[in-house]
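J.: Here you go, one structure.
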Amino acid sequence: MIEGLQEMLKRDFNITFKDVDLLDAAFTHASYVNETPERKKKLKYYERIEFLGDAVMQLCVSEYIYEHYPEMPEGKMSRLRAAMVRADSFSKFAIECHFNEYIRLGKGEEKGNARQRPSLLCDIFESFIGALYLDQGKDEVVRFISKVIFPKLELGWFDHMMDNKTELQEVLQQNGECKIKYNEVNVTGPDNERVYTMNVVVNNEVMGEGTGRTKKAAEQMAAYQALKKLRK
């Protein structure tokens with residue numbers, strides 16, 4: 001199983017671990033160790049590495065938000081980071097990376113379909129990040145999540161957790177009823193790489209404009225720009 005994991009990481013992410021035992025531990029569940037008594041003293045499992053991976057993800061995501069959203073208020077930065085490092089987000093990333101296929105489980109956990117359990121998938125994703133950090137450092141972690149996670153911001157992947165449109169509506173309605181409308185301003189790029197520009201109009205006044213890979217993502221950015229304008 002570890003050989004298949006190494007091949008996948010090299011093929012899909014150009015990652016080659018120097019310490020293969022560390023990678024092995026990152027994908028080993030305690031149930032597997034407990035059911036292998038003759039190797040119990042030698043085998044390690046992921047929980048301590050996961051602890052480190054959680055902290056590394058918090059740092060890397062915080063740095064990315066700080067650098068790429070220089071005018072975002074601290075409160076919104078915290079909400080965005082929370083959305084990006086949620087357990088359900090990590091479990092989806094793990095499946096997207098096919099990590100669930102390489103977890104070493106005990107027979108009982110395997111029968112219980114633990115391989116698809118969101119909490120375990122979240123743990124494995126964090127454990128992989130911790131192992132990658134120990135093996136190759138923070139820069140390699142950033143390179144990996146720049147491929148797996150950060151592009152999802154442009155695609156509006158976290159919109160349901162960071163709803164600028166709803167926040168804008170709530171802020172505006174504090175001062176009474178108002179008419180909010182989102183309009184398509186421009187569309188560029190080929191069919192498979194569309195970039196949309198949308199604006200938000202409040203009582204016939206353009207309050208913000210944003211771009212994104214989907215109309216919904218562009219609308220969220222337009223709402224964010226409108227919120228910035230209102231806070232000035």
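Glycine too: its Cβ is placed from the backbone N, Cα and C atoms.
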J.: Among Glu50, Glu63, Glu193, which residue does Swiss-Prot name as a further Mg(2+) binder in the site formed by Asp123, Glu126?
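T.: My reading of Swiss-Prot gives Glu50 as the candidate in that site.
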J.: Asp54, Asp123: which of these recorded positions has the highest Cβ count within 10 Å of its own Cβ?
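T.: Output for this query is Asp123.
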J.: Could you give the number of helix, strand and coil residues in the domain 'DRBM' (163-232) as assigned by DSSP?
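T.: Counting residues per DSSP class in the domain 'DRBM' (163-232), I get 30 helix, 25 strand, 15 coil.
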J.: Neighbour count first, Cβ atoms within 10 Å, every protein chain included; then name which of Glu50, Glu126 tops the list of recorded positions.
T.: Glu126
J.: Beyond the listed site residues Glu50, Asp123, Glu126, identify every same-chain residue whose Cβ lies within 8 Å of the center of their Cβ atoms for the Mg(2+) site.
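T.: Other same-chain residues with Cβ inside the cutoff are Tyr46, Glu47, Ile49, Phe51, Gly53, Asp54, Phe90, Cys122, Ile124, Phe125, Ser127, Gly130.
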J.: Between Glu50 (Mg(2+) binding site) and Glu126 (active site), how many Å separate their Cα atoms?
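T.: Distance (Cα to Cα, whole Å): 5 Å.
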J.: Provide, as an integer number of angstrom, the distance between the C-alpha atoms of Asp54 (active site) and Glu126 (active site).
T.: 5
